[in-house]
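Worksheet for the structure shown next.
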Amino acid sequence: MPALSLQQLQLINFRSYKCLTWDCRPGLNIIFGPNAAGKTNLLEAIGYLALARSFRQQQDQQLLTWGASSFQVRGLCHSNGEKIELVINYQQHNKRLTINGNRNRLIELLGIFPVIYFGPDDLHLLKGGPAYRRHFLDREISMGDRLYCRNLQDYRRILFQRNLLLRAIKAGRGKEGELEPWDIQLLATGKAICEKRSCFLQSLAPRVAATYRDMAGGEELALIYRPGVASQEEWAERLKVGREREVQAGMTLWGPHRDDFTFTLDGHEARYFASQGQQRAIVLALKLAEARYYRELLHVMPVLLLDDVFSELDEAHQGALLELLAGADQAFLTTTEVGLLPARLIQRSHLWELARGREPRLTSGPVEAQ
C-alpha cells in the first residue's frame, strides 16, 4: 500500500504561529510541551490541509493570528509515490488553493491528504447535539467523496433560498406556488445526501461494533442512522401538507439538515446510559474503524492526529490505539508530559519539544533508528 506523509509544514499568521517551518518525520511523532504552547494548533493546521477547513472552528476568521488579515498553510506531502505541494491562502473570507503551483478549486483538495483526528472534544459525538454529529458526517464523507461535497454545497444554497422565500411569503411578499421549483431541487439534492450518509454509516457500523467488541468484551455496540425523514415519499408529502407550518416558522422543517445518528449499547442509548469510560471507548472504536474504512476506500492509510488522548484511556484501550498506530505511515500525538505515554510508544517515536509560537525541536528519535 502506498505511503502517505507530511514532509514539511509552513504556517504564516495561523493561530499562535506568525511564521513557522517544520520539517516533519514519517512514522510516529510525539509533540510535547505545556498547555497553551500551540500543540493543538499544529494538529489543526495539518488537518486544514485535508479539507481547507478546521476541525475546531466553523469560521476561518478565527484562525488568524491576532492583528493579521490573512494566513497561509503550506504542506509538502508525499502521497502515492509523488511529492505534492498544497498551499491554502485565506484573506477577507476568501480561500485560494494551489496544488504544485497550479490554481485549483477547493474541492480538488479532497482525498489528496486524508487525516483522522481524535481529541477530547470528540466526546461531543455522543454528548453533543445533532448539529455536531451532522458536521462530523459531512466532514468525514467529503474527505473521500467530492460529489457528496458538491451536493452538500448545492443543498445548503437551495435551503437558504427556500428559507428566504418562506419568510417573504410570511411577510406577504411572495406566493406559496413559488416554492414548488425549490421543493423539486431540495428533494433531489437531499436524496443524494441521505443515501450517501446512510451508505457511509452502514459501512462503518459493523467495523465500529467489531472494534468495540475486541476492546470491551461482551456489550453489543450499534451505530444507527436517524434521518430527518423516513423516506423520500414522506418528505415530499410533508413539504406539501406542512407548508403553512413552514411559512409560520420561516424555515424548512424537514430534510437532511435535521438528520442525526446515535450509538446504542445492548439496545440502550449510549449517551444516557454509558459510563464516561464506555463513551471514550465508543469514540475510540469509531475513530479506529474510520481509519480502516478510509484505508480500504482510498488505498492509503490516513495521517492520524491524536490530541492528548492517551491520558484518558485505560490500558486495554491504549493497546487498541497502539495497534492502529503500528500500521500508520505517519501519526502526530500531543501530550503535556511524555512520561504519561506508554514506554513502547515513546521508543518508536520522534519526540518534539514545543514552546509557544516556536518551531518544534527534535529531542530524540525512535530507538530502532539510533
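Even glycines carry a Cβ here, placed using N, Cα and C.
Annotated features in Swiss-Prot:
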- Gly33, Pro34, Asn35, Ala36, Ala37, Gly38, Lys39, Thr40: ATP binding site (BINDING)
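When other Cβ atoms within 10 Å of the Cβ of Ala37 (ATP binding site) are tallied across all protein chains shown, the result is 21.
The 10 Å shell around the Cβ of Pro34 (ATP binding site) contains 11 further Cβ atoms across the protein chains shown. In this structure, Ala36 is the one among the binding-site residues Gly33, Ala36, Lys39, Thr40 with the smallest number of other Cβ atoms inside 10 Å of its Cβ. Taking the mean position of the Cβ atoms of Gly33, Pro34, Asn35, Ala36, Ala37, Gly38, Lys39, Thr40 as the ATP site, the remaining same-chain residues with a Cβ inside 8 Å of that point are Thr334, Thr336, Leu354, Arg356. Most other Cβ atoms within 10 A: among the binding-site residues Asn35, Gly38, that distinction falls to Gly38.
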